[in-house]
Each structure stands twice: as C-alpha cells, then as structure tokens.
C-alpha cells in the first residue's frame, strides 16, 4: 500500500480516501448529516485476510491536515517563567523538550471552543487536574507528546477533549474512510471506559465512535466501522484482525493515542502496536500516556514520536498515591479467610462503600466468591473465563453498588476505573511490585482517600524489600513482621518458619453455563445463592 499518487484526496476519485472499493454511497447521522447508506463493495472477497505490509509513505502527496489549535490565553501569556516554574513545582510536575507550552490553571484558560467548554462545565468538574493543566496545551498545540502520571489522574480527558477539537477541524469522512482518531488500550474494560468518555463529550458535535476489542462478537463492531466513525478505541489484537480482513483502514488517522503504554507492553502487545502504527501516516500527531517510564516505553517513543515534549506528574520512581492508607498483614494462607471477613465488616460499615478484592487465579476468584455469597456477602467475580456479557454485567452491578464487592484477577481488572472504591484487598499478593501499585491505585483516586489491605505470606518474601520501599515513600506504617522480610531481601541470613502451608479457600469450582437469573448473565460463582447471614 503506497500513497505516491498525487491524485489522492479526501473523498471521491479513483485513488481517494473512501475510493472505489466501496462503490460509492455514504452514511448518515454523523457530522454534516444525511448522506444515505453505503453502496456496494468493489471486487474481491471482503473476508479475505491480507498481510499488513508497511506502506511506502510519500508525505508530499498526502492530503494536508491541521493539528495546531492552541491559542494561548492572555492570562497564561502574562505569566512569568518564575510563575510557571512555581506552578509546576507546586504540582510536582516536570517537563522535558523544546518550546513547551505554559500550563493553564482553569478550564477557561485551556482555549477549548465553546462547545467543548460547555460539556466540561456541565460535568461539574471544579478545576483541571495537574496532568490536564499541562497536557491540554501540549495536545492542542499539535505536538507529539508523552504524559506520565498515576492512574486516576485525569489522563483520559487529557487526550479526549483535544481529539474532539482535532476531529472538527478535519474534512468529513467519506464512504470507506477509517477513523480520524485511534486510541489503543490494553484491555477491553479500559477501552469501554474510554468510549464512555468520548461519547459523553463528543455528543454535541455528533462525533461517532466505536469500541473494538476481543472477547465479544465482531458483528456490531464491523457494522460500526462500516457506517463510519471518527473515533475508534481498540485493543491491539482485535484491531489487527479488523485491518487484515479489510473491515477498516487507518488511512485517515491523524491523531493517535497509546493509552497505558506500559501495560500494553507488559502484556506483550509490542509487535501488534508496531504493526498498527506502521499503517498510519508518519506526520500524524501521536500522544503516549503511561503510568511508568520503563526502557521499553522509551524505545517506543524514540521510534514513533517526532520531537516529543513530555510532562511527568509525580516521580518517575514507582510510587503509590499518598491518599491511600496501606495496611499489610503478615499471615498464613489459613488465616486469610477470617482476616478478609474482618476487613469486609469494617469496609461495609459505610453503606456506600465499594470493595475490590484481588485474587491470583481464576479458580481462587470463583472459590472466594462462592464462599462470600454463601456467607451473605453480595460478591461477584470477574476474570478471563467469564464471557464478555457477564463481565459487563458484573462491572455494572459493581459500579451501581448493587453488588458492592467484586473479586477479580489482575488481567480482568486492568483498566477498570470505578468511582467510589474505598477498599482494595489483596487476598493474594501480586507477582511484582508494579502490579501492587497498580492494584491499590484503584482506590484513593482524584484526590479522594482509600484503604488498601494486603495479606502477605512467606511465599511473598521476594516482594518484601520493594513493598517496604513503596510504603516508606508514602509515609506508611510498616509492621515489624514485614520489616523482617525487608532485611531478608537485602541479604540477611535470619530464617523464619514458613507458617502453615497453602490452605486456601475451598468451594464450588464449576463454572457452569449462563443462567437466566437477574440480568441473564450469571455463571458459576456469580450464580451461587446469597446467604442470609448478612444485612444484604
């Protein structure tokens, strides 16, 4: 696929974007309205899978597009270098690169058009978050950028709102065009949440979007892409499937977002990311967002971002939010059940509280959910063996508070952003300290406080040193029992008994099929009867 033909243009023409293979026609309901329906497709089998080769780009022949929309507010212009440095220091913000825009301090200073500003103010946000104060001017200026900030810091709106401005400045989609904005995310849950934000703030501009992810039927996703969408939020694997089978293309993408880039690389998506990005014109605007700054993310930045500017809120060192109270209990496997119940009783003293419990395996997820439900706790499980419909239902029940306790594995919980989670309980510790920080970051978001309880066993001894370091940085109280593991991790020869074996939770393993039940989605542990020993 090459774009060396000077006749290429947006809409119309033999080699145009939206050209002959779709046979004319159009679609309605989007920006500019009524264009009728899609015409017939051109030759060839639509379902044939085609290997994605890297195009030979000729920048001079590509249609021009606008990407700099930033008009600095007079109040921002008037700020001195000393004022800017003081603001960044106050917000623990560091910037790297050349010609970096000054941060803004209010929504009015951001320079958004009225139709965007109206949507923001209707949501009742008091002021921009730290990452938004610097990220919005960067994104609106059309620069390639890297944003590094902890989860729950407002990163989604940092790229979502500028994308709406970007879309409205581009020519309308023609039949056969792919999206203008592409957002890559590591998990289906995060992709769905990004879509919700895009829908919320893009509705007034009639900007259409779709969410393309695995584990769900392709039919609706294909229909959305065929009708035409300005924004596509996708997980890498499913998007490549859509590209290879000709269900969409990336020829119109001029605004690319890599969200939770570190997580995507952790999950092994680097080859897919590179294959996808190679399909997009190189003069696009690229925005990379990450919670950490490992060397793998740095390499991706060097390869795909052009003269980027970077904002980091907080330390590049791995750290937990200081709004989270971390409680670590050194226990045996046999003690976990009783300790869990005690903390649930504390957590649910607040009737509005939500509690997220992490388990290491899908089996443990189901077993503890069965146990809790039998004891009268309204718990539901979410993990990779649950079908997408059930996962969506569980998440909805948890968000609305109908089932305020959710038991999850790491993979299933990645990208989940639920407001009001007051307690996170690590029933099983994760395998590394990065996942620990990511887990407990589900609470204490956007300035609110939260509590994270972790059950630490002798089997987790390798995490002892890193865990103590994270707790010290956040000014947390480290129990003496845990400090012994800290010394051991730094070479102490002190030995401690292993404690009483693995033990664990026993209960029904059967996953079963879907049952009718409430909402028609429950399977296995989620369909276990709820005991009457609790106030629920």
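Any Cβ shown, glycine's included, is placed from N, Cα and C.
Per Swiss-Prot, the features are as follows:
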| type | residues | note |
| --- | --- | --- |
| MOTIF | 105-133 | motif 'Q motif' |
| DOMAIN | 136-311 | domain 'Helicase ATP-binding' |
| BINDING | 149, 150, 151, 152, 153, 154, 155, 156 | ATP binding site |
| MOTIF | 259-262 | motif 'DEAD box' |
| DOMAIN | 326-486 | domain 'Helicase C-terminal' |
| REGION | 496-520 | region 'RNA-binding RGG-box' |
| REGION | 496-536 | region 'Disordered' |
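Residues of the same chain lying 6 or more positions beyond the ends of the motif 'DEAD box' (259-262) and with a Cβ under 8 Å from any Cβ of it are 155-156, 159, 183-186, 190, 194, 288-294, 296-297, 300, 414-415. In the predicted model, residues of the region 'RNA-binding RGG-box' (496-520) average a pLDDT of 41.
Following the DSSP three-state reduction, the secondary structure of residue 152 (ATP binding site) is coil. Spatially close to residue 151 (ATP binding site) yet at least six residues away along the chain are 291, 417, 438, 441, 442, 445, judged by Cβ distances under 8 angstroms.
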